[in-house]
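Right, one structure below, let's go through it.
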Amino acid sequence: MGLRMYFKHKLNNKTVLILIVFLALIVRCVYFYMTPLPLNPEGLLSFYPDENVYYNNYLLIEQKGFFYALLDEQSLWTAPLNPIYIYLLSGVTSQPILFIRIFNILVAAFSIVPIYKIAIKLFNHKVAVFSSLFMALYFPLIEIAPTLLTEPIYIFFILMASYWSLLAISQDGVKLYVYAGLFMALATLTRSTFLLAPFFLLLVMYLVFKSNRKIIRGLVVLLISFGVVVGPFILKNYILFDRFAINNGSGAVLFLGSRADTEGDEPPYRGKEYSTYEITAPYTHLQSEGDDRLKEVAINNIRDHLFGYVYWDVKKIGRLLVGNNHYWYFPFNNIVDYYHNLGFGKSALRLLNMLGVIIIVVLGLYEMLVRNIKQVLVNPVTLIFIYHTLIYLPFLVNHRYGLPLVCLLSMFCGMFFFREKVGSSS
C-alpha cells in the first residue's frame, strides 16, 4: 500500500508539473500571437533594439564561418553564446527569426522544470507549485519569452546551474559538480556578469566548509569544468584584442549607472538621452575604444559623486527586483494614465502584476534573509541570488536583469505561505 501511494504521489507531482509547463506554453503562445514582433531582420530595431545586435553577430558567423568570426573584433560586441545559439537554430527552417522565437518560448516554458525541482528539494510540493505558477503567469517572463534577447536561455541556464549546484552540495557527486560548472559557464557566455559567480561560490563555501574536503574538492571540480568552457574565449580575446574579458559593453552600463543627472537610472525614465556617442565618437559603445572611454568617464563620475553613487546602488535593488517597463518603484503617479491609455482591464492586469512581484520580493527576501538566515551561506541557491544581485548594482540595471532572481525568490515567498511541510525529499 505504501509503495502504491509513493508512485501515485510521484505521478501526481509529474502531472502537475506537466500541466503548469503546458499552461506557460499556452500563455506565451497567445502573447506571441497578439504581439507584432518582427519576423524579418529589417524590423528588429523597431521592438527590442538589442535583438538587432545579436542578429548582426549571428550574420558575422554566417558570413565568415564560426572560427573566423571569433577572430573578428565584432565578436566582442556581445557575449558569444546567444549569437552562436541563433546561428545553430537559423538553419532549421526558411523562417529563422520565427523559428527562434517559437523555440525560445519552449525554452522559457521549460525553465519552470528546474525551479520546480529546486523547490521540491529545498521545501515541499506546495511551494514548487506556487513558484512554478508564478513563473508561468508573471507577465515580464511572458513578454521576454518570444524574443531574440539573452533572457530566455540565460534564465534557463541560471536555474539549471542553481539546481545542479544544490544537488552537488547535497549529494556530493563529481558529475553533479561538472554539470553545475557547465551550466554556470553557459550562463556566463550568455551574459558575462555571471563570470565571477563560481569564484564567489568557492570562496564562501570554503569559509563555511573548509573542514569538509569533499565539498571543497567538488567545488574545485566545478571551477575546472567552468574554466574549460569559458577560459578559451577570454584567452582568445586577450591574445587577439588585448581585452581580458568575454565581451565589451561594461563601460556603457557602468557609465549609465554612474550618471548623476539620472541617479544611475535609464535616461529615458528621467527625460534624458543616453548620450554615450557624445563620449565615444567616432566609435560606438560596443567597440573597444568607445568602451574604454566610457569606463574612464564612469570612474570619474563615481569619484566625484561617491556617496550619491552608493545611495543610487542601494535604490537599484528596487529596479532590479521590482522594476518594470511601466513603473519605477511605485506606480501611484501613473494609475490615472494607465486607465486612460489602456482601459480598466489592462490597467488592472498591470497593477496586479506589480502587486504580485512586490509580494514575491518582500516576503521572499524576508523568508530568505530573516527566517532562514542560518542557511544562507550553506545554500548555493541563495549564494547565486546574492552574487547576482550584488554584481549588477554598480551598473545600469533594468527589470529584465532581475528576472532570474525573482524566479528564485518566488520559492522563498511560497515557503512563507506553505511552511507546514519543511524539507521534502527530492
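Note: Cβ is positioned from N, Cα and C throughout, glycine not excepted.
Unlike curated records, TrEMBL annotations are generated automatically.
These come from TrEMBL:
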TRANSMEM  16-34  transmembrane segment
DOMAIN    84-225  domain 'Glycosyltransferase RgtA/B/C/D-like'
TRANSMEM  97-116  transmembrane segment
TRANSMEM  137-164  transmembrane segment
TRANSMEM  176-209  transmembrane segment
TRANSMEM  216-235  transmembrane segment
TRANSMEM  348-369  transmembrane segment
TRANSMEM  376-395  transmembrane segment
TRANSMEM  401-418  transmembrane segment
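If you count C-beta pairs under 8 angstroms between the transmembrane segment (348-369) and each of 16-34, 376-395, 401-418, the highest count goes to 401-418. Through the fold, the transmembrane segment (376-395) approaches residues 118, 122, 158, 161-162, 165-166, 168-169, 180, 193-194, 196-197, 200-201, 204-205, 207-209, 250, 253-254, 256-258, 313-314, 316-317, 320-321, 368-369, 401-402, 404-405, 408-409 of its own chain, all at least 6 residues removed from its boundaries and within a Cβ separation under 8 Å. Same-chain neighbours of the transmembrane segment (401-418): 111, 115, 118-119, 122-124, 126-128, 130-131, 134-135, 138, 140-141, 144, 151, 154-155, 158-159, 162, 319-321, 323, 357, 359-361, 363-368, 371-372, 381, 384-385, 388-389, 392, counting only residues six or more beyond its ends whose CB sits under 8 Å from a CB of the stretch.
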